Amino acid sequence: MRGPAVLLTVALATLLAPGAGAPVQSQGSQNKLLLVSFDGFRWNYDQDVDTPNLDAMARDGVKARYMTPAFVTMTSPCHFTLVTGKYIENHGVVHNMYYNTTSKVKLPYHATLGIQRWWDNGSVPIWITAQRQGLRAGSFFYPGGNVTYQGVAVTRSRKEGIAHNYKNETEWRANIDTVMAWFTEEDLDLVTLYFGEPDSTGHRYGPESPERREMVRQVDRTVGYLRESIARNHLTDRLNLIITSDHGMTTVDKRAGDLVEFHKFPNFTFRDIEFELLDYGPNGMLLPKEGRLEKVYDALKDAHPKLHVYKKEAFPEAFHYANNPRVTPLLMYSDLGYVIHGRINVQFNNGEHGFDNKDMDMKTIFRAVGPSFRAGLEVEPFESVHVYELMCRLLGIVPEANDGHLATLLPMLHTESALPPDGRPTLLPKGRSALPPSSRPLLVMGLLGTVILLSEVA
């Protein structure tokens, strides 16, 4: 019986060696990937503005008629769906604001970007998955990209300041230059790049305003500069580019006699509420005081024809939103164009999002071009939850558990890009293991035990 014991000892040594568990390929043989998000770019923003660079990208690559974001259609939740492939109830970033119903702490959007425990709550985004499989990743202003996940930070990251000017076109180009250097000088494989427009302009002036149209022209010029930069850095044949967004935008209805105002509802009082998250577009959450859930629900369920109020367990499953411990016992949203006012009226935006993701004004864009994508292809609409699986395929990495389906977007790719290399498992760079670090000690212990038993038998 010494022969099997020797073989198992060799297997144990192999498992402990660097790169065990994965076929080997040389560094640099996989195409790189750049995911760009222009916040709040509604699906039809290119239809009332001349956008020659976005049009050229569609001719050279793939265009979706539109993309359906996750619900709730907010910036951070929808961006995290893109990089995890999970619906919001499953990845847990349920709001732009960090909140705690026990301490009553609520933090605004920019502060929440740096709250590690808000983001790192069980889901592993694509940056970390890529790095664990031997790649190098970067995040430039992308929501969630500057905190650690299970103790791992993104290779390179930048976070904007609280008073950041999202409109500065000169800075946009400088940011692109930095990202190109990350690819060429630091050999990053994946970068996510975020721009805060046309969302800010849409909020301030409204989606039908001339200011929004001018901002879309700026976005288009930036797309042109980006593609020129890719060519100038000799990346055209080895970098796949995806341009998308988190959600759309709609015009806010400000008619004084038709507002959704909690402080004017006759049978409702904030004295029954332990915690509230209101005055954030069309969405709201309430934690009633103990024993007052039914009273609050009865007061609100028919309080306004444009307001939809649900107990958590009755919230429509199609939204894939409410089944998360961070969601309060009562939650609500309003119809398209209506925002929810709480104790006083503090919302004055002309444009807003956060509405039902089935509303066309919440739909957004998807464009892709590069060596893996077909040219001149327009595809039918799809959900943003599928983009993660596509990106993992483009990078040649094994995805985490997710809610997307790779088959949904495979028709975008050339046949050779749609299939695993030679039908074999995903290849990893030299010196890295496909086995998660947490699983290797268990395998080692199992093999050691087998070796000892066989030695005793012998």
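Glycine too: its Cβ is placed from the backbone N, Cα and C atoms.
Record note: among 72-78, 79-85, 359-365, 72-78 is the stretch given as region 'Required for enzyme activity' by Swiss-Prot. Residues Asp199, His203 are given by Swiss-Prot as Zn(2+) 2 binders; from His353, His386, His405, that same site also lists His353. Swiss-Prot lists Thr75, Asp246, His247 as binding Zn(2+) 1, and of Asp39, Asp46, Asp120, Asp279 the one it places in that same site is Asp39.
Annotation note: Thr75 (active site, nucleophile) sits in a helical segment as assigned by DSSP.
What surrounds the Zn(2+) 1 site, by Cβ distance within 8 Å of the Cβ centroid and not counting Asp39, Thr75, Asp246, His247, is the set Ser37, Gly40, Pro69, Thr73, Met74, Cys78, His79, Asp199, Ser245, His353, Thr364 from the same chain.
Of all Cβ atoms in the protein chains displayed, 29 besides its own lie within 10 Å of the Cβ of Asp246 (Zn(2+) 1 binding site). If you measure from the Cα atom of His247 (Zn(2+) 1 binding site) to that of Thr75 (active site, nucleophile), you get 7 Å.
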